[in-house]
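The structure appears right after this line, and notes come after that.
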Amino acid sequence: MANSTMVTEFLLMGFAEGWKLRFLYSMLFLLMYLATLLGNLLIVTVTTADQNLHTPMYFFLRNLSILDMCYISVTVPTACVNSLTGHRAISVAGCATQIFLVIFCAFVEILFLTIMAWDRYVAICQPLHYSTIINLQLCVHLTLASLLSGLVYAGAHTGNTLQLNFCGSNEVPQFFCDIPSLLRLSCSDTSSNELSILISAVVVCGGCFIFIAMSYVRIFSTVLRFPTQEQGKAFSTCVPHILVMTVFLSSISYVYLRPPVTCEAIQDIVLSVFYTIVPPLLNPVLYSLRNKQVKEAVRKVILRRVYSGA
């Protein structure tokens, strides 16, 4: 137990060794961060301002956009500042906070994407019963349930991780604190932690993947009976969802389910980017900005701002 007090802070990994490369990568990550904030903030604004978009589908899109802005803000700003200033240290409390928020946002993101798949299934396969099955009260209850379960899930895994002893190296091979990196640094027996991650990942990721797969099998079987023009519209709505979900689940599952052994740090960073940065960046484009209703709402909001400013 005395060894557990030796590590009072962790050292996060920078984007690169040389200053020029660190500056280049930091600017790249910062641009992606600003683009993500702009895209998601635009979705939140138009889905709130336009009365025609006050439907369950856009209610979930708005919540997803708010979550994505929070998700990417947990890691990228701090990583960019640390890389530019060379200040790599993060306290144990700060590391725990980052772990908690990353797990919380990732867990809720999975649930939101699963709920959205079910929403599309009901809208396409049971259109006559859509307004009866999915109403505002149900949307609010599903959102609150996702958030509350995310708090419990993130709290449990963060607590289990912080019970470990860290008595060796304090250099985290990642640009933010995450559980796999800390398991490699721990000098305690991590088998129970690995088992809990495995079980929870199989239940959560596996369960959501099966649910989404079954939803889209039924959706596609129904869509194939539509006229050709309607098929294109339905596929354009569903395919982006499948793409984002596949990238998100595959990358996060690989990072958290592989054995905690030493591997190339650049590989860790690339995989982490695919589940912490890519989904929040792509969601506004794939889900909303390609949608005719959303594009029309964006045009109305911009024109309204222009005329009010004039």
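From the backbone N, Cα and C atoms, a Cβ is placed for every residue, glycine too.
The domain 'G-protein coupled receptors family 1 profile' annotation in TrEMBL covers 39-287.
Beyond the ends of the transmembrane segment (23-47), by six or more residues, the same chain brings 15-16, 53-54, 58-59, 61-62, 65-66, 68-69, 72-73, 76-77, 79-80, 83-84, 277, 280-281, 283-285, 287-289, 294, 297-298, 300-301 to within a C-beta distance below 8 angstroms of the stretch. Sequence annotations record features per position, and here TrEMBL assigns transmembrane segment to 23-47 (among others).
For 59-79 (among others), the entry in TrEMBL reads transmembrane segment. Taking Cβ pairs closer than 8 Å, the transmembrane segment (59-79) reaches residues 12, 15, 26, 29-30, 32-33, 36-37, 39-41, 43-44, 47-48, 90, 98, 101-102, 105-106, 108-109, 112-113, 115-116, 119, 136, 139, 143, 175-176, 276-277, 279-281, 283-284, 287-288 in its own chain, all 6 or more past its ends.
Positions annotated as transmembrane segment by TrEMBL: 99-118 (among others).
Sequence annotations record features per position, and here TrEMBL assigns transmembrane segment to 138-156 (among others).
As annotated by TrEMBL, transmembrane segment applies to 195-217 (among others).
Annotation source TrEMBL lists transmembrane segment at 238-257 (among others).
Within its own chain, the transmembrane segment (269-289) is flanked in space by residues 13, 15, 29, 32-33, 35-36, 39-40, 42-43, 47, 61, 64-65, 68-69, 71-72, 74-76, 102, 106, 109, 174-176, 178, 240-241, 243-244, 247-248, 251-252, 254-255, 295, 298, which lie at least six positions past its ends and keep a Cβ under 8 Å from the stretch. Among the features that TrEMBL reports, transmembrane segment is placed at 269-289 (among others).
Under 8 Å from some Cβ of the transmembrane segment (238-257) lie the Cβ atoms of residues 106, 109-110, 113, 116-117, 120, 178-180, 197-198, 201, 205, 208-209, 212, 216, 219-220, 223, 268, 271-272, 274-275, 278-279, 282-283, 286-287, 290, all in the same chain and six or more residues away from its ends.
On the 0 to 100 pLDDT scale, the domain 'G-protein coupled receptors family 1 profile' (39-287) averages 87 in this prediction.
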